[in-house]
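To start, the structure itself, in structure tokens.
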Amino acid sequence: MATDDDRFPWDQDSILSRDLLSASSMQLCYEKLNRSCVRSPYSPGPRLILYAVFGFGAVLAVCGNLLVMTSILHFRQLHSPANFLVASLACADFLVGLTVMPFSMVRSVEGCWYFGDIYCKFHSSFDGSFCYSSIFHLCFISADRYIAVSDPLIYPTRFTASVSGKCITFSWLLSIIYSFSLFYTGVNEAGLEDLVSALTCVGGCQIAVNQSWVFINFLLFLVPALVMMTVYSKIFLIAKQQAQNIEKMGKQTARASESYKDRVAKRERKAAKTLGIAVAAFLLSWLPYFIDSIIDAFLGFVTPTYVYEILVWIGYYNSAMNPLIYAFFYPWFRKAIKLIVTGKILRENSSATNLFPE
């Protein structure tokens, strides 16, 4: 992220030093081009390790989220409005692993962008779109869990497939329209023309964002984050109260309807806990990056490049975390993975398989 040069003075040489090495150790991204960016390659050992770490994250994000989507969309037992939200969230994380992480990996390790100016803007737009899509999905998932835990018996009539579809459509449309409009209209660079000119070279993909839009980006993260934290605080208070009520009942015989309600409430609390962990993981992964973006915008390039790269990749790695969370907490997901990996999903009527323990 960049600072607004109309309000904060900046030194062109110091800015260029973030991307260009001194001439004494110069290596160019494109050796035969005069306006080539200068690269700072890692030695073979660290280079190999970084490719392995970043590549593993990308593969895990793609394969793990593909398993989540396949499980939910194939097995009829998983066809529920809440699970469709989870599948759509997995789609956003899948696309991060497919369209963002591999290209960021090369840029981070090589110090150069080899994929052209057109895809540079696409890459940045994809990055923003899928990140904001994820946080909007998680916000709606939080609301879904609150309704499910607070009143599990009427929940199916309130959070319907139609409501889920509207939540999914809103999450995708708003994030895509916002991110692509931001980078393709050039409003993010308003007031930073000299800075953009100084940073422009062949083999670079530097997107400058002025203070106003950095602040808006931060709010688009912060407001849903505060909503989610508030909702989950209420969820856990309700869950605690329900647990206390069940404990008071002890071994007394309850009516069948009450027993059924207790079982439903217990199931919904478990789902809320698992998805709450996914929400917490997302917030913890991306919060450092968004805080850093504010610091960089208002104090002016105080974050070292390597720190910025670490923060970005912590955020990217979140796209690979949700499948691991589901696999750890959900027996049905582990069973679905086994059926998919062994090819049993191709059998006739496999979509009717019972994934839940008796």
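Just so you know, glycine gets a Cβ as well, placed from its N, Cα and C.
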Selected from Cys37, Cys63: Swiss-Prot disulphide partner of Cys201:
Cys37
Just choose from Cys63, Cys91, Cys112, Cys120 the cysteine that Swiss-Prot connects to Cys205 via a disulfide.
Cys120
Do Gly111 and Ser233 sit on the same side of the membrane in Swiss-Prot?
no
Out of Asn34, Asn349, which residue gets the N-linked glycosylation site annotation in Swiss-Prot?
Asn34
Residues sitting near the topological domain 'Extracellular' (105-125): Cβ under 8 Å, six or more positions beyond its termini, same chain?
19, 29, 37, 39-42, 47, 50-51, 54-55, 58, 99, 179-180, 182-184, 203-205, 207, 309, 312-313
Integer Cα-Cα distance in angstrom, Cys205 (disulfide bond) to Cys37 (disulfide bond):
10
In whole Å, how far is Asn210 (N-linked glycosylation site) from Cys120 (disulfide bond) when you measure between their Cα atoms?
18
Per-residue pLDDT averaged over the topological domain 'Extracellular' (1-47), given as an integer:
62
